[in-house]
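Noted in Swiss-Prot for the protein shown:
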| type | residues | note |
| --- | --- | --- |
| CARBOHYD | Asn43 | N-linked glycosylation site |
| CARBOHYD | Asn67 | N-linked glycosylation site |
| CARBOHYD | Asn93 | N-linked glycosylation site |
| CARBOHYD | Asn139 | N-linked glycosylation site |
| CARBOHYD | Asn152 | N-linked glycosylation site |
| CARBOHYD | Asn179 | N-linked glycosylation site |
| CARBOHYD | Asn239 | N-linked glycosylation site |
| CARBOHYD | Asn264 | N-linked glycosylation site |
| CARBOHYD | Asn290 | N-linked glycosylation site |
| CARBOHYD | Asn311 | N-linked glycosylation site |
| CARBOHYD | Asn378 | N-linked glycosylation site |
| SIGNAL | 1-20 | signal peptide |
| TOPO_DOM | 21-460 | topological domain 'Extracellular' |
| TOPO_DOM | 482-512 | topological domain 'Cytoplasmic' |
Amino acid sequence: MLLYFLVVAPLWMLSGLVRAEVWPSFSDEMIYAIRSQRDLMQNISIDQVPLPGLALKNSLPGSITSNETESLTTILSLLHHGIQSFRVDLTFNSSAGEWFLEGTNIRFVKMLNTVNLFVMATNTNLDANILTILLRFDNDTLRNSNAIKEANFTAILEEGLSPGYVYSIADLERDRELNQTLSINGYSDTGWVGLSRFLFDVKKRVVFGFLNGAELFSEDDQDNLVFPPETFHYVTANNITCPLNTVEDIMRVSQIQWRFLEGNFSYENYLHYLECGYSLILTNPIDTRNDSSQGTSLQRHLSSLLLWSWNATAPDDKLDESEDSDDSESSSTSQYVAYRCGAFSYNDYEDLDPFKIGNCYRNLPYLCRFSDRAYFWNISEDTGTYFESDDKDMCPTGYKFGVPRTPLQQRSLRIHLNDMDIDNLDFWIDINSISVSNCWITGGPYASCPYQKYGSRRNYIAMTVPTSAIALVLLLVIFYFNWVHVPIQDNRNNWKRIINAYSKEEVEGVPS
């Protein structure tokens, strides 16, 4: 096994990545948007984080004779293109004593090896994100329970994926004992750990769950790495009410942990269901072959599934000509231009990704959130530049400058704006890249980027000018002394004559 990870696996991954290059690559803007969404949710419990996903069975070549390397490369490409949840259908081959992905010749452990390679390659502050693997067993496997009880399922998981990356039931219990778990109302002994702690403190990446068949396994297998079916709220599109039309409906849904919605969706409806608080599991196959007609379709599906805040072409610190002209027509107290600030663009007639780039010096109202209540909003009566958002008087008493951090919060904001009879409005939200270009962060206009050290140009000039002046003076002094010589050499012969004359007058011997 060690030899596989040290030699065979890296070579396979390299060949797989070469083959994966036929997939359409993400733009820089798409990468910034995905990272921005992750960072917005750092203090959200992991059970409330939207996890774009699909049924793996529907996305792989549907033949038992399909090329294994090609299928594993497809899985790796899906991971690299932002898929965070997989419904994995498993079947147990009694004669081989092995678990396989249903309908394929791919061993489950090989699929886990692929996930492990991806996790190792992306285990950085910039790229790390949570993954969920939801396991479902076919009917033949469920009927063959006696043979399965002899198999050590936990050993299969540990063979395929490093246990250090897996968030276990014991990890959850420990975090609850340490008061490190959250609900929508703050710390809770029945909640889940926040995304930031999950990724960067306890350094986990993967959550396993059973969708059925947990009773097939021994107690050791049940109580170790895989959470039981009752942990997850897994439903189909026919069993929900959407859209949510009141804050009460939103609060009711938010009490449900790990919400997954399985269905055959069109990309135009992804945001509609995301704002109902569900992680989507697509059952309709996404054609991953990148011929001239499929590449654009795949990109459209992925961007619509992954993004609920920014458009796929934002953020990029630039605006197109139409947006630029819109800003020039708006009122502004300054001639300066800085497209580094986030605004929410609300239109009652379109449920589009609402975040956009705005000129920080433009005058707009501010979005205000009530204390620590996730779903209560207000729009300030006063307008101002983004840099004035630090003014405590901008928001009503009890409110502070805010931003929607989940699709559910975004839906609650739309409900508030609709109740206020607002048809069309742009307003500032608490997200910007002022400190470092394309590092989109919250915390007001003076927040610093966690990924890059920053010093303002003004402060840099203030620090370097005195040093430069002193260095210049010292340089001039050096040049002066090199140019104007002190006449020590010229007087040496004269001194020698004086000393010789004095020596002649001296009396040799001891004076009497």
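For all residues, glycine too, the Cβ spot is worked out from N, Cα and C.
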According to DSSP, collapsed to three classes, what secondary structure does Asn239 (N-linked glycosylation site) have?
helix
Measuring CB to CB from Asn139 (N-linked glycosylation site), give everything in the same chain under 8 Å that is also at least six residues away in sequence.
none
Write down the Cα-Cα distance for Asn67 (N-linked glycosylation site) and Asn311 (N-linked glycosylation site), rounded and given in Å.
36
Among Asn67, Asn152, Asn179, Asn264, which are recorded as glycosylation sites, the nearest neighbour of Asn378 (N-linked glycosylation site) by Cα:
Asn179
Taking the Cβ of Asn43 (N-linked glycosylation site) as the reference point, list residues of the same chain whose Cβ is under 8 angstroms away and which are at least six residues distant in sequence.
Leu182, Gly194, Leu195, Ser196, Arg405
Would you mind pulling the DSSP three-state label for Asn378 (N-linked glycosylation site)?
strand
Nearest recorded site to Asn152 (N-linked glycosylation site) by CA-CA distance, among glycosylation sites Asn67, Asn93, Asn179, Asn264:
Asn93
Candidate glycosylation sites Asn67, Asn93, Asn239, Asn264, pick with smallest Cα gap to Asn179 (N-linked glycosylation site):
Asn239
Protein Cβ atoms within 10 Å of Asn67 (N-linked glycosylation site), excluding its own:
12
Cβ neighbours within the same chain of Asn239 (N-linked glycosylation site) - under 8 Å, at least six residues apart:
none
